[in-house]
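A quick write-up on the structure given underneath.
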Amino acid sequence: MGLNDWLGTFAKAEGLDLSSDLEQAYEAALMIQGLELEYFNDRPVRTDVNLGLPQATQTQIFRRFRSALEICRALLSSIERQRAQLDSQELRQLQLIESVVRRYRSKDGQTLFQRPDPLPRSLLGVFDRVRNQLDPEAEANVVAGFRRRRDSTLVSLRILLLMILVPLLLQQISRTYVISPLVDRIAPDIPFLSYTKPRLQQSAVASLREYKAEIEFAALLEGEDSPSVEELRQKLTLKAAELKDEADSESTTAIKNVLADVVATIGFVLVCLFGRDEIRVLRGFFDEVVYGLSDNAKAFVIILFTDIFVGFHSPEGWTVLLQGISSHLGIPAEEQFIDLFIATFPVILATIFKYWIFRYLNRVSPSSVTTLRGMNGGG
């Protein structure tokens, strides 16, 4: 391997380390903000305050706070050294981390107030940008930042394709070359596999009655005598055997689908286990894409998803989805279960959406919440 290859590999690893450090510190800062909002009325955490909770619970809260604050402090210096490589979204994440660390400069977060800066932060930010632009290494830092973002995008797309294609390929290949021949071979010897389900039996009986009526109707239209009992019996016997084969095939098809789905699930879990680092990069990539949207675009996407899954016309979509899943798994689509599911699950989803907007989006992007309310009729 040449020197350029070694340098490229080192730069790629360094960029992934920066993304990982920024993601960990950002999640820790969000955890601290969540503790402030939930237990301290959106004020800084104070370890000398009694929260009125059980001692074990209060101890756990403070332990989580200290751990998150240590992560922010430990990673902040290394991230700030590579500030020039960060894009606009990552700089916003870094600003959140810095604001959290500044709030807790004293030991154990005892201070409630911090001394105001002598100059506005926006003016200091302008000076900092000018200094970075005049830095002799500014061009190298910009190129390094571009390479890091490019590597992050490639890693994200690769793990995303693996998470989609590996389960699909495993499902189709295992079903075609392993599961189907195996089930077809052992099904006649195992009563459970060759047993025709009651729903399929009822469908076969209805088809047989319809076939008998078609024979009699065709004889009346052609002006012929009705078939004799023996002829009718022979035709019905052949049709019954055909319907039984179709029912058996449909029954084994459901079993094949279930086994293939299990194989696909195992493949997906293995991809997630062996690609934990890449999944962290993928999360950062999605965060960058989502937070890079304008406020109107964010509000539009939220309204679109809520209307699809919990909106006025969502019951029809849930009905079609549940019936398709039931047919795929070979189980009867019970109307009572579908009605109960539609009456409860969309309500739970709507509650989760509202809680997420109140708890998270309202802090990260208040302007998006305002735009969302305006686009949603003020609700």
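Backbone N, Cα and C define each Cβ position, glycine as well.
Taken straight from Swiss-Prot:
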TRANSMEM  153-173  transmembrane segment
TRANSMEM  254-274  transmembrane segment
TRANSMEM  300-320  transmembrane segment
TRANSMEM  337-357  transmembrane segment
Intrachain neighbours beyond the transmembrane segment (300-320), with Cβ under 8 angstroms and 6 or more residues off its ends: 293, 338, 341-342, 345-347, 349-350, 353, 357, 372, 375-376
Tertiary contacts of the transmembrane segment (254-274) (same chain, 6+ residues out, Cβ under 8 Å): 159, 162-163, 166-168, 170-172, 174-175, 179-180, 183, 193, 328-331
